[in-house]
Amino acid sequence: MLYQQIASNKRKTVYVMIGFAILVLFIGAAVGYVFYDSAMAGIIMAAVIAAIYMAMMIANSTNVVMGMNHATEISEADHPEIWHIVEDMALVANIPMPKVYIVNDASPNAFATGNSPKNAAVAVTTGILERLNREELEGVIGHEVSHIRNYDIRLSTIALALSSAIAMLVNIGMRSFWWGGGRRRNDNDNEGGSLEIVMMIISIVLVILGPIATTIAQLALSRNREYLADASSVELTRNPLGLIHALQKISVSEPMKEADPSSAALYISDPFKKKRTMAHLFDTHPPIEDRIQRLERM
């Protein structure tokens with residue numbers, strides 16, 4: 001079952017890559033049509049921006065994400081306990097030892113990033129080291145190592161890169177509008193007026209709703225991966241109580257100060273403790289109570 005899920009995640013990586021790429025091009029076309037009077041110019045601009053973001057994130061995702069979250073790489077001598085826990089969990093999961101980072105934040109939390117198990121990294125906050133015991137830390141690290149083993153981190157990296165590209169496209173379009181750009185037509189350019197209006201409306205709606213749809217899709221992927229990582233952590237530690245108690249402590253902690261908003265979905269729990277939405281569409285994580293209930297049934 002687990003190996004089937006890993007294979008499924010690899011396929012999802014391809015699907016997400018294709019889907020996001022298509023969405024980027026459509027939004028680029030809409031931005032070009034509305035603000036520059038040329039859908040093709042928008043598509044070219046979108047392709048260039050997306051390619052740059054993808055290259056940056058895939059080639060240097062660990063450094064980029066760790067930098068955004070103010071994380072510092074450590075050695076075994078700096079924090080031997082957490083270092084050895086990461087080492088042990090990686091050994092059990094049969095993956096290379098990830099790099100280990102520390103985020104100087106009193107709120108307990110952790111995340112994993114990278115492009116593949118060969119260049120992955122795990123980050124923990126100072127707060128999680130102070131508040132969790134060894135069994136609870138093993139549950140948390142087992143969860144993060146599972147993200148690495150299941151190739152969730154690659155999916156996250158691609159989604160984050162292309163979401164950033166979409167945000168940049170919309171930003172460019174809006175700045176162009178405020179700086180005096182925008183679509184202009186001559187008074188005698190009235191041929192196909194009805195079609196022109198329809199295309200303009202569709203383009204504007206796409207520019208407005210495209211980033212929202214992207215966010216919803218990205219967060220849905222994140223929520224589904226959390227359940228799998230929880231289950232995989234128990235497979236590694238053989239101790240569901242460790243992760244249960246860790247989640248309980250994390251759920252009642254204060255919001256983080258050092259977390260980057262665009263990386264929120266990477267963390268084991270929402271670092272900003274935002275109020276849950278009615279339909280959970282904009283939640284970065286599934287409810288902790290639901291995760292605990294699933295763990296209790298194992």
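Placement of Cβ uses the backbone N, Cα and C atoms for every residue, glycine included.
Sequence annotations record features per position, and here Swiss-Prot assigns active site to GLU144. Packing around GLU144 (active site) is summarised by its Cβ count: 28 other Cβ atoms lie within 10 angstroms of its Cβ, all protein chains included. Classification of GLU144 (active site) by DSSP places it within a helix.
Neighbour list (GLU226 (Zn(2+) binding site), Cβ cut-off 8 Å, at least 6 residues apart, same chain): ILE268, HIS285, PRO286, ARG291. The feature Zn(2+) binding site is assigned by Swiss-Prot to HIS143, HIS147, GLU226, with sequence analysis given as support.
Long-range contacts of the transmembrane segment (15-35) within its own chain (CB-CB distance under 8 A, at least 6 residues past either end) are made by residues 41-47, 49-50, 155, 158-159, 162-163, 165-166, 169-170, 172-173, 176-177, 181-183, 199-200, 202-204, 206-207, 210-211, 213-214, 217, 221. The annotation transmembrane segment is assigned in Swiss-Prot to 15-35 (among others).
The list of residues near the transmembrane segment (39-59) in space but at least 6 beyond its ends in sequence, with Cβ under 8 angstroms from a Cβ of it, reads 21, 24-25, 27-33, 115, 157-158, 160-162, 164-165, 168-169, 172. The transmembrane segment annotation in Swiss-Prot covers 39-59 (among others), and the record cites sequence analysis as its basis.
Away from its own ends, the transmembrane segment (158-178) comes close to residues 13, 16-17, 20-21, 23-24, 27-28, 31, 34-36, 42, 45-46, 49-50, 52-54, 56-58, 65, 207, 210-211, 214-215, 217-218, 221, 262-263 of its chain (Cβ-Cβ under 8 Å, at least six residues beyond either end). Among the features that Swiss-Prot reports, transmembrane segment is placed at 158-178 (among others).
Beyond its flanks by at least six residues, the transmembrane segment (197-217) meets 19-20, 23, 26-27, 29-31, 33-34, 159, 162-163, 166-167, 170, 173, 183, 281-282 of its own chain at Cβ-Cβ distances under 8 Å. Per Swiss-Prot, transmembrane segment is recorded for 197-217 (among others).
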Packing count at HIS147 (Zn(2+) binding site) (other Cβ atoms within 10 Å of its Cβ): 28
Listed in sequence order, residues not in HIS143, HIS147, GLU226 with Cβ within 8 Å of the centre of the Zn(2+) site Cβ atoms: ALA112, GLU144, SER146, ASP152, ARG225, LEU228, ALA229, ASP230, SER232, SER233, ILE268
